[in-house]
Amino acid sequence: MFKENAKKVQTIIKTSEEAQSSRLNGFQRLKECCLILGVLTSAFLSIALLTFSPADPSWSQTSWGGDISNAGGQFGAWVADTLFFTFGLLAYLLPVLLVIVTWVFFRTRDEDEHIDLMLWGTRLLGLAILILTSCGLADINFDDIWYFSSGGVLGDVLNSLALPTLNLLGTTLVLLFAWGAGFTLLTGISWLSIVEWIGSLFLDVCQWALNRLRGEKTEVIAPELQPIALSDDEPKAQPQIEAQQDEIVEEERIPDPLPVEPVVQMRREYPIHMPQTVSYQTVSDELDELEDNSFERAKKLNATIEELEQEALSVNDLPDDTMSTERARYNVADIAQVSAEHSQTTQVEHAQDFSVDVEEFDHVISLSELDKISEEIDEPVMVGFAEEAPLHHNEAQRSAMASSAEPMFSHLGVEQTTQHTTQEEIVDLPVADSVGDVNPEMEDYVEEDEDQDQDVVAFQNMVSKAQQNMAATQNPFLMKQDTSLPVPKEPLPTLELLYHPEKRENFIDKEALEQVARLVESKLADYKITAEVVGIFPGPVITRFELDLAPGVKVSRISSLSMDLARSLSAMAVRVVEVIPGKPYVGLELPNMSRQTVYLSDVIDSPQFQNATSPTTVVLGQDIAGEALVADLAKMPHVLVAGTTGSGKSVGVNVMILSMLYKASPEDVRFIMIDPKMLELSVYEGIPHLLAEVVTDMKDASNALRWCVGEMERRYKLMSVMGVRNIKGFNEKLKMAADAGHPIHDPFWQEGDSMDTEPPLLEKLPYIVVVVDEFADLMMVVGKKVEELIARLAQKARAAGIHLILATQRPSVDVITGLIKANIPTRVAFTVSTKTDSRTILDQGGAESLLGMGDMLYLPPGSSHTIRVHGAFASDDDVHAVVNNWKARGKPNYIDEIISGEQGPESLLPGEQMESDEDLDPLFDQVVEHVVQSRRGSVSGVQRRFKIGYNRAARIVEQLEAQGIVSAPGHNGNREVLAPAPPRE
């Protein structure tokens, strides 16, 4: 009674509270009224803006009279006109903004709670920034609406202040960033959280799609994996597995041919039985391999079957315990399978389950299970083991019994005879105890023939080691220094040494080329460029389209669109040839769909190379039309080759060398090769054209270049005496004098220079080609001294017959300096990474758009227009064939002074003096006396004492250091006087 009254009292109290709370207080009433007025005002503004008509009278204009078409009446027309004038297109968003503001005000806290002025201040600031930036962006990007600006007066004023300073792009970027800042100030939402939300949403969508794709397979995988988990407790889990298998059969509607044994049928369909089948096949294959190895070993050692079996059962041939355990498990599985074939259906199920567990090779097989299997083995299995004894008597009986036996028994027999490990593991089983009693004669054979077998094995090991050592020293794939090659009968190498490709038909699909031409015209028209294809020149690698531009179209517009054209035409790279010599057209080079390889044999067999008479003729490749392109190194006279790694630079240098080897004998051309990488040019070691060994030490490279400078000066002296201008005239005059019977002697010979009593005759001067494979490495190790030597050779060595081939993979300004570029006008540029590298090599762009693999730009001497060349390819076999051909003709005659550095004064650079002939300063003796007495060897002390300049004092101190009077400067700059002090009188 009391509880019921209490419940009634509580109900009355709650009802009274609900009645009191349903009424609004003063502040809540004000907020709700503001919400109603805000929604009403936004609806009125929407109607006025959507039904605005420019003909209505408004604040911007007066009307001639007539009806007002605005649904908001005259007031609506005035309001819409004012909003459009102030905000432009943004006026359409003001009703929505008004509704949002009133809703936020309606949802604010109660009047007794604290108002955060900082928060509301940032919100108002963000709202103002959003409105201003939105008006500015609308004014820039959208068309005007009626006679109003798209951004209103706010956008016009803002852009009029920003555009003169920031331009269009800068103003747009500034307004966008300001808009983002205003959005953050207004809403308090971080842009990082927006990015994270988008990323998580994308990942969720991807995960949902993947789960959707995998959804069909989940129902099949779950029941398949369940029997494996229950395999440890198999007797209890067997009914549950059978029930699940029956459900799967009903769902998949697979007909059961044997309804009496549904479990066996389902186990055949399980994927888990696939590794079991593979494992059995692997075991049998491995056993067959062991049997084959056993017979092969018996054949090699000339041993009988009995000796082979004794060796298999010997203790020395036993494998490790891990392999023994593994073999035992395989045999247990096989025995289980045999017993299963001769038992009931339930026994078949247990045997198959047991064989599945063997796959795991873990602690699955227990001793109790092994005992069960041993008890289940019946008499036929024992007969199989008993029949193994007669198989060891002779080989014929062994093969006959093996062919007639059943597969399972032969399998066990092979395992017994070839692997003693298996018998050792099964000896603990009840079945395997009888195996040891079957063949008691095996131990006697082992004791009698063990020593003889070990001797045979030791002899075979000794012979095999000797054969391996001989094969290691006589490997045909190694480079042989001294080879006796047959001397060729031809004076120069023949084309048979090079690789000759099969005859290729130059099939040109005219329809495809015309289609590409129309595509080029249409893509150029997309960029508002009117051009017409007037010529198509297909080549082995690229095809050039010649364009006739419309009047007023600049070539620079097409050059700036090269990357866009490559993207539009789905090409790897597009190169624009701005000027074609002799034609008023612009070239557009596109790569072919199928690229052809230009082989060295094709160019050497061409008339251009065959008709060339200069011994320094070099092969470059083929031009865009497929014509062979060769050049004369004597007219270049030096060439600079540059390109990134893998662009074909080293192959191009090898092609130049091989082409000169095809044209010149050692009497005509000699080489000095500098190879810092020790790989590219070392293959030419031993050819008779070399003046010195291939230089791989960079310290010797400067000596070789210095020798070239001395040889250049010597040749100039000889040519001045002969009255000729170049090496060609010198050799011709020598020949004329020899034919006339008046050979010319060395005019600079002096008595004592040699053991001869009369001056020697002048000989023919060969061309000298200096090849540097990696010029950047040489500059890095030796320094600027190499640059001075190369610059001197490049300036004066042309007439003397000395030519340079410089290759580098780092085409930077610190390697290819202005001094080198000014004296080497001929350049070859392979693919480079940037336009800056292309300008460093060629003084113009284009090399960055090449296709690689021998594609190059050739800048001939005396021209500023490059030629697109597809470099010839020479394989390593071609290089070795030509080199071996020249090695068979003779050996090189090296000049030791080239690398040793013993040159005369003519090889010194301007201003450089030899160390032995260096003149001492006239004050040297006085300075020595002063330094020895004062025990101070500073430059400033010498300068003050003798009143000379700093440079002269420093030079004298360096001479003192060279003579060993003072030491080198220490870490503090002081020098120690090494000479002893004079004795005191």
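Even glycines carry a Cβ here, placed using N, Cα and C.
Annotation source Swiss-Prot lists ATP binding site at Gly646, Ser647, Gly648, Lys649, Ser650, Val651, citing sequence analysis. Residue environment of Ser647 (ATP binding site) contains 25 other Cβ atoms, counted within 10 Å of its Cβ in all protein chains.
Positions annotated as domain 'FtsK' by Swiss-Prot: 626-839.
Over the topological domain 'Cytoplasmic' (195-985) the predicted model carries a mean pLDDT of 72. Annotated topological domain 'Cytoplasmic' per Swiss-Prot: 195-985, in sequence order.
Here the transmembrane segment (35-55) has long-range neighbours at 61, 63, 66, 69-72, 76-77, 79-81, 83-84, 91-92, 94-96, 98-99, 101-103, 105-106, 146-147, meaning same-chain residues at least 6 beyond its ends whose C-beta is under 8 angstroms from one of its own. Per Swiss-Prot, the feature transmembrane segment maps to 35-55 (among others).
Same-chain neighbours of the transmembrane segment (84-104): 34-35, 37-39, 41-43, 45-46, 49, 52, 59-60, 131, 134-135, 138-139, 142, 145-146, 148-155, counting only residues six or more beyond its ends whose CB sits under 8 Å from a CB of the stretch. Residues annotated as transmembrane segment in Swiss-Prot: 84-104 (among others).
The transmembrane segment annotation in Swiss-Prot covers 117-137 (among others) and rests on sequence analysis. Cβ atoms under 8 Å from those of the transmembrane segment (117-137) belong to residues 87-88, 90, 151-152, 154-155, 158-159, 162, 171-172, 175-176, 178-179, 181-187 of the same chain, restricted to positions at least 6 beyond its ends.
Tertiary proximity for the transmembrane segment (145-165) is limited to same-chain residues at least six positions away from its ends with a CB under 8 Å from its CB atoms, namely 54, 60, 84-91, 131-132, 135-139, 171, 174-175. Under the heading transmembrane segment, Swiss-Prot lists 145-165 (among others).
Taken from Swiss-Prot, the feature transmembrane segment covers 174-194 (among others). Panel annotation: around the transmembrane segment (174-194), residues 122-123, 125-130, 132-134, 136-137, 140, 162, 166 of the same chain, lying at least six beyond its termini, place a Cβ under 8 Å from a Cβ of the stretch.
Note: the ATP site is recorded as Gly646, Ser647, Gly648, Lys649, Ser650, Val651; in the same chain, Gly643, Thr645, Gly652, Phe830, Met853, Gly854 also have Cβ atoms within 8 Å of that site's Cβ centroid. Around the Cβ of Gly648 (ATP binding site), the same chain contributes Phe830, Thr831, Gly852, Met853, Gly854, Asp855, Met856, Gly871, each under 8 angstroms and 6 or more positions distant in sequence. Sequence-distant neighbours of Val651 (ATP binding site) (same chain, 6+ apart, CB under 8 A from its CB) are Gly854, Gly871, Phe873, Ala874. Taken residue by residue with DSSP, Ser650 (ATP binding site) is part of a helix. The Cβ of Gly646 has fewer other Cβ atoms within 10 Å than any other of the binding-site residues Gly646, Ser650. For Lys649 (ATP binding site), the count of additional Cβ atoms within 10 Å of its Cβ stands at 26 [all protein chains shown].
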